[in-house]
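**Q** Below is one structure. I have some questions about it.
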Amino acid sequence: MMKMEENGDDGLVSKINKYQKMDKDDEFDEELEDSMIKLRQQHRRSSDTRKYVFACAVFASLNSVLLGYDVGVMSGAIIFIQEDLKITEVQQEVLVGILSIVSLLGSLGGGRTSDAIGRKWTMGLAAVIFQTGALVMTFAPTFNVLMIGRLLAGVGIGFGVMVAPVYIAEISPTIARGSLTSFPEIFINLGILLGYVSNYAFSGFSVHTGWRIMLGVGILPSVFIGFALFVIPESPRWLVLQNRVDEARAVLLKTNENESEVEERLAEILVSAGLGADKTEEKPVWRELLNPSPALRRMLITGLGIQCFQQITGIDATVYYSPTIFKDAGIKDKTKLLAATVSVGFAKTIFILVAIILIDRVGRKPLLYVSTIGMTACLLGLAFTLTFMGNGQVGIALAILLVCGNVAFFSVGIGPVCWVLTSEIFPLRVRAQAAALGAVGNRLCSGLIAMSFLSVSRAITVGGSFFLFFLISAVSVAFVYKHVPETKGKSLEQIELLFQKGNEEWQRGEVELADVEHLVQKE
């Protein structure tokens, strides 16, 4: 009897344990299901955020298509304009180069304008001004009227070139900021390619009509820019500067995958904006730029230097005057000249995609090394080819290959990285106007190269001109080593602290980081 009672008790205990285990299993299943739901929600939010930021970067970059298209289309249109309007060689240089010179006025005004009306509406203003200039150029009956349209287009381009990288850097999450801020350079290259294709496509029209159609097609991207203004948000950092903190928080919630990081990022922006500081003690931005602190001076050397080196190594001479270069190499037929320039556009556009993939993985500085060293080699080879191997099939093939190589190395590094750096290294309070100064340096150098290339080439030959570009490019390699820090993976506010440490500190930090990465790879 006792044995039966013990067996009964054991059975009861076993059932109780079984039910308890079932309850625990049910609790575990519920927790697992809750975790899975949260993970799915987080994944959906991350996907939506990435798509939203990507769309904002694309729309903000549309102004860059206008610059690229103008650069590409003018290289071919100038041949027809010269024939139609009977302009001189000096007028050709002025017509080509004046856009870059005038765009520096737009870039200077763009900094103050974007601080006053916002980054988004400055992009809209840029599109309106450019569209007006493009219309004037399309229907210009004389060289003087054509120049008026060119001046207006230059101001619009200056606004757009300056504000787009700043806007994208300010809305992008840290992990993807490099690739997203490179988008304007992608669209410049796409515009150049479209300009080259337009030259080739409309070259069959009459001399009087062909160049007008080529220039008129450049108006089309402005329509999409008007639509974009109703889709993209304002920069959260600009909103903070206007004391519109709640609106800034709402934008950050849309552009950051992790909600917990939003308040942390907002706090960093508030500190960088100096909203808690005594405003009576702050210097005006222009005075701060003219009399900079040691940290800001290092930023200005880096930002202005990389912008100027991007242009004085001759990229715009290569792009604007590629038909002249290929003609000097031995190609005489007009249609073949324009067809050869299309290959340059393809090379420039394809290799910018390489930079977009690598810039947030490899970093800014390694890409700059590859770019400047590769360009230096190609420029030396091109100078040698044009000087000693012109007017032969081998010389023509080498010239095309080396021009394509030069623009490819440009697109891999200094082309996009230049704009990424100048949009991320400056403190928030001076960012727009300091970036505007960088854009001014870029446009000024571009204009000087474009307006002097034909005259210099006539004096020392086209090959001699590229030997000068080779020497400048060699100097740019040393500049990158000495004055450019690695900014990959750092927030905009952390980069500001990096410049306060100085050149020797960040170079030591890069060596230590390289050692750590090497050890991790070995393990």
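Any Cβ shown, glycine's included, is placed from N, Cα and C.
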**Q** According to TrEMBL, which of these ranges is transmembrane segment: 94-111, 436-453?
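**A** Residues 94-111 are the ones TrEMBL records as transmembrane segment.
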**Q** Run the contact check on the transmembrane segment (180-201) against the transmembrane segment (94-111): 3 or more C-beta pairs under 8 Å, excluding pairs closer than 6 in sequence.
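**A** These two segments do not touch.
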**Q** Which sequence positions outside the transmembrane segment (52-82), separated from its termini by at least 6 residues, show Cβ-Cβ distances below 8 Å to it?
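**A** That would be 92, 95-96, 99, 123, 126-127, 130, 146, 153, 156-157, 159-161, 163-164, 167-168, 171-173, 176, 180-181, 183-196, 198-200, 203, 207, 210-211, 214-215, 217-218, 221-222, 224-225, 228, 231-233, 254-255, 316, 319-323, 334, 338, 341, 345.
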**Q** Should anything in the same chain at least six residues away from the transmembrane segment (366-390) have a Cβ under 8 Å from its Cβ atoms, list it; otherwise answer none.
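**A** Residues 309, 313-314, 325, 328-330, 355, 358-359, 398-399, 402-403, 405-406, 408-410, 412-415, 417, 461-464, 466-467, 469-470, 473-474, 476-477, 480-481, 484 contact the transmembrane segment (366-390) from elsewhere in the chain.
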**Q** Kindly state the mean pLDDT of the domain 'Major facilitator superfamily (MFS) profile' (56-488) in the predicted structure.
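**A** Averaged over the domain 'Major facilitator superfamily (MFS) profile' (56-488), the predicted model reaches a pLDDT of 84.
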**Q** Do any residues, 6 or more residues outside the transmembrane segment (213-232), come within under 8 Å Cβ-to-Cβ of it, and if so which ones?
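**A** Counting only partners 6 or more residues beyond its ends, the transmembrane segment (213-232) has Cβ contacts under 8 Å with 55-56, 59-60, 62-63, 65-66, 69-70, 73, 76-77, 80, 120-121, 123-124, 127-128, 130-131, 134-135, 137-138, 191, 195, 198-199, 202, 205.
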**Q** By a Cβ-Cβ criterion of under 8 Å, what residues six or more beyond either terminus of the transmembrane segment (94-111) are in contact with it?
**A** 70, 74, 78, 81, 87, 122, 126, 129, 143, 146-147, 150-151, 153-163, 316, 320, 432-437, 439-440, 442-444, 446-452
